Amino acid sequence: MSPQINPSAAKKPQMKRSVIGAVLSALFMGLGQLYNRQYMKGILYAVLELFIIVVWYKPIMNGLWGLYTLGEQQQVRGARGRITEQGDHSIFLMIEGVIVVLVLLVILLVYIRNIIDAYKTGKMIDEGGQPKTFAESMRNAWDNGYAYILLTPAFFFTLFLTVLPLVFGILIAFTNYAAPVLPPLRLVDWVGFQTFINLFRLEIWSNTFYGVLWWTIIWSILATITTFFVGLFYAVIINHKRIRYKKLWRTIFILPWAIPQFISILIFRNIFNGQFGPINQYLVKLGLDPIPWLSDPTWAKIALVMVNIWFGFPFWMALMSGVLTSIDRDMFEAAEVDGANGWQKFWKISFPLVMFATAPLLIMGFAGNFNNFNMIYLFTQGGPANIAYSYAGSTDILISWIYKLTLEQNQYNMASVVSILIFVIVAIFSIYNFRKTRAFKEEDMIQ
Amino acid sequence: MTNPTRKQRSLSPGMRLRENLVVASIYIILILTAIFVIYPVVWIVLGSMNPGDTLFSSAFIPDHLTLDHYKRLIADTDYVLWYKNTLFIATMNMIISTFLIVTSAYAFSRFRFPGRRKGLMAMLVLQMFPGFMGMIAIYILLLQLNLLDNHWGLILVYAGGSIPFGAWLVKGYFDGLPRSLEEAAKIDGASNTTIFFKVMMPLSIPILTFIAVNNFIGPWMDFIFARLVLRSNENKTLAIGLFEMVTGRGNTEFTLFAAGAVLVAVPITILFLFLQKYIIEGLKAGANKG
């Protein structure tokens, strides 16, 4: 086509078809296939591009404009709040923009495929082969592209229901989308890193953030450690050789894990009710003062950790019971010959083996508690209120604070900034954990 | 734990006494713990059969038991409707999620194609974002698609969210299966699809059970997305309905809540106890594989 190609093609005649085919396909989808005498495929590609240009040109351009400007026409209202000019809705424009960008990426993938295909077919003809017929191509696609066909549904689900919302969520952090700047009444603007700076610099935000972060960390550590050791304790004592009905005990103790968690949390919310809950009623009957379980910050935290032990220990117990029963008895007998007592046998044999089997889960348990929304929100709803905090209560952890910022307070940009920070923290834990397990390093060795 | 020696006869009387004391105290601890574990269960079951409406008026041991609350729950509230909704969403989510997870896990485990490693990495990263970071976007997306306050909207959200974690888990399991059977089948001329259904599926029952149960139970527990997507009373799931019963209007519907809670908890608990072996194995695999 272009003058640069012809001389080079003359010099290297064996490269001719592949290069020309690729260039033609790069100019317009399907041209290279037509040139390689794959008419059916070429026409399909060309029709696809024509369709995109004719039908999708305007939406694509609109989407990019919307993503860039987030709207230019503010809503205008006349007398008595009647809308005289609808105006642009920044958030809809932004989502449409993100969708357009994702669609463009998919189109780009198809385009690259088309160029590579023209190149490969051309090369085959250069080397004296025959271009595949349409039917052959289809069969070939079915065989070689089987993996892609399998992945297509999952790909689109993930792209539009996970990736798209996440990209949008991240973008929100760089806007001023928060009450009172709410579409359709007001236009949202890009503000760069201003919200991040506000979180750390403005006292109303930084006080809350550090306070909530601190409790989130304490909570995650306490919740993980207590359940881990309580679980270990029960696994060990049930495993004592003179204890009978081991299976029965384990089944009873696994109940808290088996009951749907949101139900048992709501039950405990009632049990700990400060006025009418049974615990306080018993305390009063015993002549003691009732404890303000859910209305005092410290007691609320204590109650949370206690209830969490109830939920959490069965999982560890079940896991560790499995490890303990699988330990080879010979090891203990050898230790006995060497004069070890029960205590030593536990710390030198059982405990290291249990730790070895459960350490990766301990880290994931920590990450899980870090984001344990249900436990906090259903039990205390973050309460009791804390006047020193912006939109958070005394027992709120980061994730429940985000929930309140989003659904109750419309502080979307700040919620998004905090989400990004949570992601960073969880990512550090997961990557650390992942590198330890070596699953990823070794996963290609099976073939 | 103090003395697991097999030769009990060789023990001195002092040690014998000590061991007996240890065993006795273990039994005491076990019994006390069992009471603590079972107390909330008994309390809610008795609460559900307590005459009276409120938390305050329900004594631990009531004068007489009644099934009125169950009758009222079914006759006067939308409970049956919520139950049906939840069952429908859970079943659909189980089918769609399991299909999406298994197909992608099979592709990632058994085929080598350009973009494979990138895809795996992307799924790993996606798992680390807080689940409801995309809440606003999902809300607007469903609004645009006219799927707000619609069960299918919620099912799509659940299914989309379940892929990254599930696909990694199942892929790890598939990686561990021997390939000799598949190769033999391939030599016999079996297609990829046949190999999957005839060779891989039967070998993967434990992990498939785990994934299916997980995705079935998920919607019974989820509160965040259900509350976001479903708006009207007749579309609610059980989690929202029950939450509103105990948080709204000063606990006046406590006994109704108790009855509702029992009716949800019983089938799920039985399902769980029945399949606990698979669930423990699955969670273990999940932590080790990513």
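Glycine is no exception: its Cβ is also placed from the backbone N, Cα and C atoms.
Copied over from TrEMBL, here are the features:
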- B:83-275: domain 'ABC transmembrane type-1' (DOMAIN)
- B:21-46: transmembrane segment (TRANSMEM)
- B:87-108: transmembrane segment (TRANSMEM)
- B:120-142: transmembrane segment (TRANSMEM)
- B:154-174: transmembrane segment (TRANSMEM)
- B:195-217: transmembrane segment (TRANSMEM)
- B:254-275: transmembrane segment (TRANSMEM)
Same-chain residues near the transmembrane segment (B:195-217), Cβ under 8 Å, at least 6 residues beyond its ends: 90-91, 93-94, 97-98, 101-102, 106, 158, 162, 166, 169-170, 173-174, 177, 181-182, 185-186, 268, 271-272, 275, 278-279, 281-282, 285
Residues of the parent chain within Cβ reach of the transmembrane segment (B:87-108), under 8 Å, 6 or more residues beyond its termini: 116, 119-120, 151-152, 154-155, 158-159, 162-163, 166-171, 173-174, 196, 200, 208, 211-212, 215-220, 237
Outside the transmembrane segment (B:154-174), six or more residues from its ends: residues with CB under 8 Å to it: 89, 92-93, 96-97, 100-102, 104-106, 108-110, 120, 123-124, 126-127, 131, 138, 142, 147, 200, 204, 206-208, 210-211, 214-215, 218-219, 222, 225-226, 229-230, 237, 282, 285-286, 288-290
